[in-house]
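Single-structure report; data block below.
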Amino acid sequence: MYGIEYTTVLTFLISVILLNYVLKSLTRIMDFIIYRFLLIIVILSPFLNAQNYGINLPITGSMDTPYTNSTREEVFLTSTLCLYYPTEAATEINDNSWKDTLSQLFCTKGWPTGSIYFKDYTNIASFSVDPQLYCDYNLVLMKYDATLQLDMSELADLLLNEWLCNPMDITLYYYQQTDEANKWISMGSSCTIKVCPLNTQTLGIGCLTTDTNTFEEVATAEKLVITDVVDGVNHKLNVTTNTCTIRNCKKLGPRENVAVIQVGGSDILDITADPTTAPQTERMMRVNWKKWWQVFYTIVDYVNQIVQAMSKRSRSLNSAAFYYRI
C-alpha cells in the first residue's frame, strides 16, 4: 500500500521536473528567435525608407508648415480636395449626376474617385458666418458681384490667412490695435460696428463716450467685418452683441491649404495691397465665366497647377479656428 503511494508521488515529481525542463527549453528557443529577429531589424533599418504612422507630429509655430511624407507619394493620391461653390451653380447645371461627372474628370488628372468633395453655400454672406474647411486642399469659388466687393475681399482675407484671436469684453474695457497685423473680426447675422477713439485722458476724440450716436460707424448690418483702426490709440466700441461676436485678432501668416477663385467680373479682387500680406499671395485667382459647366471644366483642367501653389495642412478646421488657434 505504501509502495503504491510512494510510486504515485515519485511519478508526480518526475512529471513536474520534466514539464519545467520543457518550459525552460521553449523559453530559450523563443528568446533566441526574438533576439535574432530584432537583430535583423536593427541591421536593416538604415536601409528602409517607409512611413511611420505612429508618430504624433507636434504642431508648433505656423500651422501651415508642411510635414514631408518620407514615402513621397504623389500629393493627389493621398489627399482630399474640397470644392466650395454657390448653390446657383447646381441650379443652372440642373443635372443630378453632375458631381459624378466631375469626379470622373478629376480622376483623369490623378485625383481618385472619393478624394473630391463638393460643398455648396447659399451666398457670400452666409458662407462668411460659418466657413468650414475640412479637406487637405480647399478651393473656394466666389462669383463676382459688384455690390459685394467688400464682402468678397474680407472673406478672402479671412480664408487665405491664419488668425490668432481672443474674446473682447467691450462693456468693460477699451481696446487698441498694436500694429497693422492686429484687426478686430466680427461675425454674426447682423454686425453694426461703431468706434470712438480716445485721447490720453480717455476722452473721446470727436465723439462722446457716453453717447453712442456720436461714435463713428465703420460697418452696418454686415455678416463679416474686419475692422482696422488707427494703431496705438484706445477705442471704445459699440457692437450689436446680440447678433454679432467680435474678436481681437492677430494675422499670423498665410493659410496655405486654401485658394480663392474669383468667377467672372471686370474687376479683379486683390488683397495683396494689405502690407500684412507677405509674401504676395498666389492663391487668389480669376477665371472667366459664361456658364458654370465651363467654370468647372477650367478648374478640372488646372487643378494640379492650383494645388502646386498651396501647402497641405496638418489638420482640419472650422470657423472656430478663426477665433481660437489651438
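First residue shown is number 1, and so on along the chain.
Backbone N, Cα and C atoms are what each Cβ position is placed from, and that goes for glycine too.
Listed in sequence order, the residues of the same chain lying 6 or more apart from THR214 (Ca(2+) 1 binding site) and placing their CB within less than 8 Å of its CB are CYS196, GLY204, GLY206, CYS207, LEU208. According to DSSP, THR214 (Ca(2+) 1 binding site) is assigned to a helical segment. Annotation source Swiss-Prot lists Ca(2+) 1 binding site at ASP95, GLY206, THR214, GLU216.
Taking Cβ-Cβ distances under 8 Å and a sequence gap of 6 or more within the same chain, the neighbours of GLN177 (Ca(2+) 2 binding site) are LYS183, TRP184, ASP228, VAL229, VAL230, ASP231, GLY232. The Ca(2+) 2 binding site annotation in Swiss-Prot covers GLN177, ASP228, VAL229, ASP231, ASP301.
Here Swiss-Prot flags CYS82-CYS135 (among others) as disulfide bond. Spatially close to CYS82 (disulfide bond) yet at least six residues away along the chain are TYR117, PHE118, LYS119, LEU133, TYR134, CYS135, TYR137, ASN138, LEU139, judged by Cβ distances under 8 angstroms.
Among the features that Swiss-Prot reports, disulfide bond is placed at CYS165-CYS249 (among others), with the record citing sequence analysis.
If you look up Swiss-Prot, you'll see CYS191-CYS244 (among others) marked as disulfide bond, on the strength of sequence analysis. Annotation for CYS191 (disulfide bond): spatial neighbours ALA219, ALA221, GLU222, LYS223, LEU224, VAL225, VAL239, THR240, THR243, CYS244, ILE246, criterion Cβ-Cβ under 8 Å with sequence separation of six or more.
The disulfide bond feature in Swiss-Prot is assigned to CYS196-CYS207 (among others); the stated evidence is sequence analysis.
Swiss-Prot lists ASN69 (among others) with the feature N-linked glycosylation site.
In this structure, ASN238 (N-linked glycosylation site) is part of a beta strand by DSSP. What Swiss-Prot records for ASN238 (among others) is N-linked glycosylation site, and it gives sequence analysis as the kind of evidence.
Look at Swiss-Prot and you will find 1-50 tagged as signal peptide, backed by sequence analysis.
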In the chain carrying ASN238 (N-linked glycosylation site), residues 6 or more apart in sequence that have Cβ under 8 angstroms from it: ILE170, ILE193, LYS194, VAL195, CYS196, THR212, PHE215
ASP95 (Ca(2+) 1 binding site) and ASP301 (Ca(2+) 2 binding site), distance between Cα atoms, whole Å: 21
Number of other Cβ atoms within 10 Å of the Cβ of CYS249 (disulfide bond) across all protein chains: 24
